[in-house]
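Asker: Got a structure for you, questions after.
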Amino acid sequence: MGARASVLSGGKLDAWEKIRLRPGGRKKYRLKHLVWASRELERFALNPDLLETADGCQQILGQLQPALKTGTEDLQSLYNTIAVLYCVHQRIDVKDTKEALGKIEEIQNKNKQRTQQAPAAADKEKDSKISQNYPIVQNAQGQMVHQAISPRTLNAWVKVVEEKAFSPEVIPMFSALSEGATPQDLNAMLNTVGGHQAAMQMLKDTINEEAAEWDRLHPVHAGPIPPGQMREPRGSDIAGTTSTLQEQVAWMTGNPPIPVGDIYKRWIILGLNKIVRMYSPVSILDIKQGPKEPFRDYVDRFFRVLRAEQATQDVKNWMTDTLLVQNANPDCRTILKALGRGASIEEMMTACQGVGGPSHKARVLAEAMSQVTNASAAIMMQKGNFKGPRRTVKCSNCGKEGHIARNCRAPRKKGCWKCGQEGHQMKDCTGRQANFFRENLAFQQGKAREFPPEEARANSPTSRELRVRRGDHPLSEAGAERTGTSFNFPQITLWQRPIVTVKIEGQLKEALLDTGADDTVLEDINLPGKWKPKMIGGIGGFIKVRQYEQVAIEIFGKKAIGTVLVGPTPVNIIGRNILTQMGCTLNLPISPIETVPVTLKPGMDGPKVKQWPLTEEKIKALTEICLEMEKEGKISKIGPENPYNTPIFAIKKKNSTRWRKLVDFRELNKRTQDFWEVQLGIPHPAGLKKKKSVSVLDVGGAYFSVPLHEDFRKYTAFTIPSTNNETPGIRYQYNVLPQGWKGSPAIFQSSMTKILEPFRKQNPEVIIYQYMDDLYVGSDLEIGQHREKIEELRAHLLRWGFTTPDQKHQKEPPFLWMGYELHPDKWTVQPVKLPEKDSWTVNDIQKLVGKLNWASQIYPGIKVKQLCXLLRGAKALTEIVPLTKEAELELAENREILKEPVHGAYYDPSKELIAEIQKQGPDQWTYQIYQEPFKNLKTGKYAKMRSAHTNDVKQLTEVVQKIATESIVIWGKIPKFRLPIQKETWETWWTEHWQATWIPEWEFVNTPHLVKLWYQLETEPIEGAETYYVDGAANRETKMGKAGYVTDRGKQKIVSLTETTNQKTELQAIYLALQESGPEVNIVTDSQYALGIIQAQPDKSESELVNQIIEELIKKEKFYLSWVPAHKGIGGNEQVDKLVSSGIRKVLFLDGIDKAQVQHEKYHSNWRAMASDFNLPPIVAKEIVASCDKCQLKGEAMHGQVDCSPGIWQLDCTHLEGKIILVAVHVASGYIEAEVIPAETGQETAYFILKLAGRWPVKMIHTDNGSNFTSAAVKAACWWADIHQEFGIPYNPQSQGVVESMNKELKKIIGQVRDQAEHLRTAVQMAVFIHNFKRKGGIGGYSARERIIDIIATDIPTKELQKQISQIQKFRVYYRDSRDPIWKGPAKLLWKGEGAVVIQDNSEIKVVPRRKAKIIRDYGKQMAGDDCVAGRQDED
């Protein structure tokens, strides 16, 4: 009888009773049919409980079907009934029995087909299991074949560059993504990085240098290649420009192999290192907020530089906590200090938004900030599903609402607060049974079940449970604390039917707890009192019952009084009328999914941050919130054995009296392992495939549905304090993912993916896009079937503890998803409304531009250039900006565009992608990506000027790169381009200027604003045209300059300039030559800057002078521009150089000064680096630094670079446990030598230095000005060991930055091993061993020991090579060419071989046979005079 009572309930029962017995008939299925079917199954020896599930019905149908042909009519009726029941369980919409039988037959046929296809699919899968992990794999024939790099990898690389912007993290990410790649794959990765031309040019230069070095070290063997042997790769082959893919695979898989992919990858990483250094040249100490700089911009600069800092994570955390506040401007600093140490970055940015003006404004804001609500950081509370509205708190002592008895200020009422009698307290009152458990309850098992701890529940397989909680009158807090068991509620899981023993008017009965039943119905019980007859809809039809009022019922010691019905019910039922009185709730437990293991960072312990004091109001609010969370199993109480703590606080919700609990997890986040975000971006609707049926779901209480790893829970401990320390604080820890913890997003995404995986496999026809807690579900099923699948998905998620609230379940279009509006056959952005304003502030315009940028992805033609021009310069957010005429016109055009709604189409994989680009006006481009005309998948705009001097072709290539990157991300492939440019113009540009080998597939489209090149540069000198040697010079101090030219026909002209620079004078000289010359001209310059601008063929520029040069170039018929190195004795160049330098240049003519100045302007390198890199005297290198205004910071010490030469050590004394530790650090490697010395004297220090010099090559020591380091003993030791000693800047710890940092690191390690050693000196040596041998990191992932050995080993051959080079460079070579009998020279000797020499003549490197070369020693330029500095500098 039990099975008959619980086969169907709720919505399924309603669906059952709507199905007709026959098509067109009147009779419908009723519960009596299920009762009959249950009895019939018992006759056939089948378990009636199988009727409760779809799988059970399927098993019954499988047993009955073979007997149908020979069975009776009753057997056929039974089969029909179970077939209809199966459809109800599966939520298949049927109207009658015949339709249900048809559906069953259809399902059975599909199952047969799957069974037949399974072996074939298994064979196919076996054949296709080729490794996808590496680009080169072995096929079935044993041949090595290449797999193209996947769009997913390219997408990840593009995201890395876009998000990290060449910060140091880019290099290991590139290395990981390019594992095993061929040069062609590596070029594909480089070509997807479109918007970083300067960085790509640097990378190209590095690759060219490395390729040339490869060719020098691997000369080509003379003679033909033997048959069957491959040629050896040249540098350009390794770079993938002159080799085919087949050759690359053959080299990489040959015997012996030549790993061209790894070699090319190494070159790229060298280039990336240079780029990273260029993008991160600033010290974190220099990052200070300007007086009017927005706080948001300051924070961006701070963290961008912080990521590039070479420091430990602890140091970086300290910098974030202290330097960020210290270096803010005074107004922001006042606010930040008022916020306190608990403030997050988001709170700081909210507080400091728009700050400026007088200091009193900052104080006012700081006071107001105490009431600011940060909704984004608030921790969402997850309520139980069936608890009803939250009850207001009422005092049991005075009877007033708003506080509890524990906090009541009224005189304490005598006696019991429940019954009023004296002699006992409320918790002992017999009228209220506070303790739910007794020694023996009338359970079937004979004992009361205990409520398991939260840890067990979190991993239990239950999908839902019943729990009895407190009644309508809550216990006082004092009572709850005294009883100690008020939260150990009975728990009944629903894996079995919830049948318990209850006491009704003293009689014991077994009854089913049924939250779906309205009334309590019992059978075979005699109750006292009057009754009245009643008819109710029961199991098997209507039944007649007797209704008794005011019946006493007791369950688990809880008493209730209510109405009871007595009649012929198949099972005794306790309905909602009694359960609600007892506080019984239906609870969804924490997800039973497997927890993700989480650890702390190596060597770190959990947070031990003290709880700061809280107001009484906040303590009360937190106590209530935590009680609710504990009931729901999200947190658990802990004892004093847990030593960890994280501070908590509470803030009020905006426009509400309710409170939010916030936990300051910053310290735990610093100590928690790092996580990789499993999703690199949000999905775009243009990449969605068109689906017949769509639904959008939202997962409720997402984080609180996923359990936290059991071993990690202790680190989330927090404490609720008491007012005036009245009682010890209440301690809790989290059982679920906490809000604000760094691991919650990644673990939730990973868990959700695992949960959805089986559903995706079982339902391949259903597409699910998952982003955090938003789910987009699409299919080509009919709407009824689709909704059944949605219900299956919701049920699947519910089984794992994830609820999908009905109010956020979108069933009908349009669907609002991720900021978009989705329709069945089209999509658009959610409606964009532009505000109408008389006056616009900076903040208004920023929001307006953001809206227009968002709308531009589907509304073609939107422009924002003029609006963005209004935001130039550092302006306050509240500053009113007048609109220019151009901006007003642009805004009016955009309003017109947005009036008509525009929709995008969905992606069809069977059709090709087409991208069409149009030029809208000056520096503004729009594009559309579509598959069918007039049905755009996506539109966009481009209006960036990436360089000051550009032209339309260059901008068009940037647009193409942007579209290609977008397409790879969204669709995984590159579209065919339709470009407004002639084929000849396009191909000319790509041939001359593109930095890599990839050219997209494209075709010409004749739309307005055709792109063209306005002038053409000749590639060879023009015969018969006059040659102009041009040059310019300027004095940095006086800003005076000269520009001029000298021609090969004797003409010359020099003009004086004021308020100019070296770069401007070089351009002015070219402009002068263009003005004075005829229609055809050759110009020779020694300026790389000017050459780079003009070779790019710009047709517009931000510089007025460059625009004037462009106008002159357009007038020329032919124009040739060449570059020669400065100060090399080249005739015309040397003449014009002397003319323009007269009275202008102060610095001597030394080879490398110009390059050093250019590099210093870019990188602000120190004088030592320039002296080394460009072979300059120290006095000249220091003069360059001294003349740079950015390197002379007023009122501040100069922050130079740490000298990392191989022989430099920093020494310092530090103190621990009252003893002195002398520490020496090898600056370049971080290797440590340390000892405990008896006294801080010169003698002990000198002995330590000599011992250090006996172990390692020490050339220089850098110390502070302590008396022991300045002593005569130390000076004597340094003199004897030939060690140079330098001293730091007094009272400036940064001058000893390396050793100071290592002191902290050493002390930290000593603290970790101190309990293992009896004496401090032992612990110091243990810590030194750990640091040098057991800690790896930095470049290459080496330990300090490996790094110092590698540095010394590399330094020895480098010095030997330098000796050989210096010997060779003392010689000069005079030589003859094969056809020219005249001797040329002198040239530099680079290498001398048996049969030939390699020489450098000017900038050209040549190979000359020994018989045609004369090698002589160079004795200097005697003609120039002995004291000619210029002459001496030309000697190498």
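Here the Cβ of each residue, glycine as well, is placed from N, Cα and C on the backbone.
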Asker: Given Swiss-Prot annotates Asp1212, Glu1300 as Mg(2+) 3-binding, which of Asp1173, Asp1264, Asp1350 belongs to that site as well?
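Answerer: The one candidate that Swiss-Prot places in that Mg(2+) 3 site: Asp1264.
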Asker: Need a hand: Swiss-Prot gives Glu1066, Asp1086, Asp1137 for Mg(2+) 2, which of Asp1031, Asp1048 is also on that list?
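Answerer: Between Asp1031, Asp1048, Swiss-Prot records just one in the Mg(2+) 2 site with Glu1066, Asp1086, Asp1137, namely Asp1031.
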Asker: Which of these ranges is annotated zinc finger in Swiss-Prot: 177-194, 393-410, 735-752?
Answerer: 393-410
Asker: Which stretch does Swiss-Prot mark as region 'RT 'primer grip'', out of 770-778, 815-823, 1319-1327?
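Answerer: Comparing 770-778, 815-823, 1319-1327 with Swiss-Prot, region 'RT 'primer grip'' matches 815-823.
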Asker: Of 75-122, 315-362, 555-602, 1371-1418, which span is tagged DNA-binding region by Swiss-Prot?
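Answerer: Checking Swiss-Prot against the ranges 75-122, 315-362, 555-602, 1371-1418, the DNA-binding region one is 1371-1418.
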Asker: Consider the binding-site residues Asp1212, Asp1264, Glu1300 and say which one has the Cα lying nearest the Cα of Asp774 (Mg(2+) 1 binding site).
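Answerer: That would be Glu1300, the closest of Asp1212, Asp1264, Glu1300 to Asp774 (Mg(2+) 1 binding site).
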Asker: How long is the line from the C-alpha of Asp698 (Mg(2+) 1 binding site) to the C-alpha of Asp1264 (Mg(2+) 3 binding site), rounded to the nearest angstrom?
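Answerer: Per the Cα atoms, Asp698 (Mg(2+) 1 binding site) and Asp1264 (Mg(2+) 3 binding site) stand 62 Å apart.
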Asker: Near Asp1212 (Mg(2+) 3 binding site), how many other Cβ atoms are within 10 Å of its Cβ?
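Answerer: The answer is 22 other Cβ atoms.
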Asker: Across all the protein chains here, work out how many other Cβ atoms are within 10 Å of the Cβ of Asp1264 (Mg(2+) 3 binding site).
Answerer: 22
Asker: What three-state secondary structure does DSSP assign to Asp698 (Mg(2+) 1 binding site)?
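Answerer: In three-state terms, Asp698 (Mg(2+) 1 binding site) counts as strand.
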Asker: Tell me whether Asp774 (Mg(2+) 1 binding site) sits in a helix, a strand or coil according to DSSP.
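Answerer: DSSP call for Asp774 (Mg(2+) 1 binding site): strand.
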Asker: In the DNA-binding region (1371-1418), how many residues does DSSP put in helix, strand and coil?
Answerer: 3 helix, 31 strand, 14 coil
Asker: Average pLDDT across the region 'Dimerization of protease' (538-544)?
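Answerer: On average, pLDDT over the region 'Dimerization of protease' (538-544) sits at 67.
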Asker: From the DSSP assignment alone, can you count helix, strand and coil residues within the region 'Interaction with host AP3D1' (12-19)?
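Answerer: Result for the region 'Interaction with host AP3D1' (12-19), in helix, strand, coil order: 5 helix, 0 strand, 3 coil.
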Asker: Going by DSSP assignments with H, G and I as helix and E and B as strand, what are the residue counts for the region 'Interaction with membrane phosphatidylinositol 4,5-bisphosphate' (73-77)?
Answerer: 5 helix, 0 strand, 0 coil
